[in-house]
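Asks: Dropping a structure here in structure tokens format, bear with me for questions.
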Ligand SMILES: O=c1[nH]c(=O)c2[nH]c(=O)[nH]c2[nH]1
């Protein structure tokens, strides 16, 4: 039997690093700190086939070395955005190692919000997580996919679902007033110029998330599908540098509860919240 290595990559995942930005103008407990935390996945492709097929490790940059590199770069970089930090990491691997052909860096940020007015106290936000996937390949256009995950949003009216396909399997009635709830994931793509280290990733991120949330609310939703398309279109309008955006919007169902005693009315007030099964709607909108 003849086989060959069709594709390979390797690297280190979940390199978790935090950074305190300190002005160093006063004692630690009297100066205002900034605190960021990022989980980084580094993947390399290049001249590594021999390590798979012949046990030849000479060109292998150990995954442990990949991990050390992330910490080393975190010292020199301000980690102002995960997009720019990801670019710095990917650029390092391509510049330092001629035999690396492609470096993909995937990052997830744990956002620490300032605790009140404290100089150095923070509380973690476990929602609306910023994400980024940076892919740099030799002699190819750079690509940065910025995103947000776990953005749980709901509206308690201005949503319905009716006039959908009728056949013998359908039991769901038309409804013109329901809860629309979803855990939004959005990923928008920058290519070429827009994917450079000079990109305004933070400003664009704010504009995209703002546009998504505004568009979630600004219309009567006839379906998750329609709302997804309107949200994605608004995001592209708000961020000219992004070429396309992919949204996934699982339908977090809130079903009208049947109340006892028999005959009690439920005027759209009490709902059964179900995790499974759930509707899953996704779409990519391009310019
Ligand atoms: O917005 C919706 N889209 C669907 O495709 C669908 N299917 C369903 O059962 N409820 C809904 N709601």
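Start at 1 and count along the chain as shown; that gives each residue its number.
Note: Cβ is positioned from N, Cα and C throughout, glycine not excepted.
TrEMBL does not curate its annotations; it predicts them automatically.
So TrEMBL has the following annotated:
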- 1-28: region 'Disordered' (REGION)
- 1-11: compositional bias 'Basic and acidic residues' (COMPBIAS)
- 12: active site, charge relay system (ACT_SITE)
- 12-22: compositional bias 'Basic residues' (COMPBIAS)
- 63: active site, charge relay system (ACT_SITE)
- 63, 251: O2 binding site (BINDING)
- 63, 64, 161, 178, 224, 225, 251: 5-hydroxyisourate binding site (BINDING)
- 63, 64, 161, 178, 224, 225, 251: urate binding site (BINDING)
- 253: active site, charge relay system (ACT_SITE)
Asks: Enumerate in sequence order the recorded positions 178, 224, 253 whose Cβ-atom distance to ligand 1 is under 6 angstroms.
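Replies: List returned for ligand 1: 224.
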Asks: Do any residues, 6 or more residues outside the compositional bias 'Basic and acidic residues' (1-11), come within under 8 Å Cβ-to-Cβ of it, and if so which ones?
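Replies: Residues 41-45, 48-49, 52-53, 60, 63, 66, 102, 104 contact the compositional bias 'Basic and acidic residues' (1-11) from elsewhere in the chain.
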Asks: Which one is closest to residue 12 (active site, charge relay system) in space, judged by CA to CA distance, out of the recorded positions 63, 64, 178, 224, 253?
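Replies: Result: the closest of the recorded positions to residue 12 (active site, charge relay system) is 63.
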Asks: Looking at urate and its recorded binding residues 63, 64, 161, 178, 224, 225, 251, figure out the farthest C-alpha pair and report it in angstrom, whole number.
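Replies: The widest Cα-Cα gap among those binding residues is 52 Å.
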Asks: How many whole Å apart are the CA atoms of residue 178 (5-hydroxyisourate binding site) and residue 253 (active site, charge relay system)?
Replies: 10
Asks: If you count other CB atoms within 10 A of each CB, which of 178, 253 wins among these recorded positions?
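Replies: Buried the deepest by this measure is 178.
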Asks: Roughly how many Å separate the Cα of residue 64 (5-hydroxyisourate binding site) from that of residue 253 (active site, charge relay system), to the nearest whole number?
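Replies: Rounded to a whole number, the Cα-Cα distance is 44 Å.
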Asks: Name the residues of the same chain, 6+ apart in sequence, whose Cβ is under 8 Å from the Cβ of residue 225 (5-hydroxyisourate binding site)?
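Replies: In sequence order, the residues whose Cβ lies under 8 Å from that of residue 225 (5-hydroxyisourate binding site) (at least 6 apart) are 281, 283.
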Asks: What are the DSSP helix, strand and coil residue counts for the compositional bias 'Basic residues' (12-22)?
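Replies: Computed counts for the compositional bias 'Basic residues' (12-22) are 0 helix, 10 strand, 1 coil.
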Asks: Quick one: pull the CA-CA distance for residue 224 (5-hydroxyisourate binding site) versus residue 251 (O2 binding site), whole Å only.
Replies: 7
Asks: Hey, how far is residue 251 (O2 binding site) from residue 161 (5-hydroxyisourate binding site), Cα to Cα, in Å?
Replies: 12
Asks: Which residues in the same chain, at least 6 apart in sequence, have a Cβ under 8 Å from the Cβ of residue 63 (active site, charge relay system)?
Replies: 10, 11, 12
Asks: How does the compositional bias 'Basic and acidic residues' (1-11) divide up by DSSP, counting helix, then strand, then coil residues?
Replies: 0 helix, 2 strand, 9 coil
Asks: Distance between residue 161 (5-hydroxyisourate binding site) and residue 253 (active site, charge relay system) at the Cα atoms, whole Å?
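Replies: Rounded to a whole number, the Cα-Cα distance is 12 Å.
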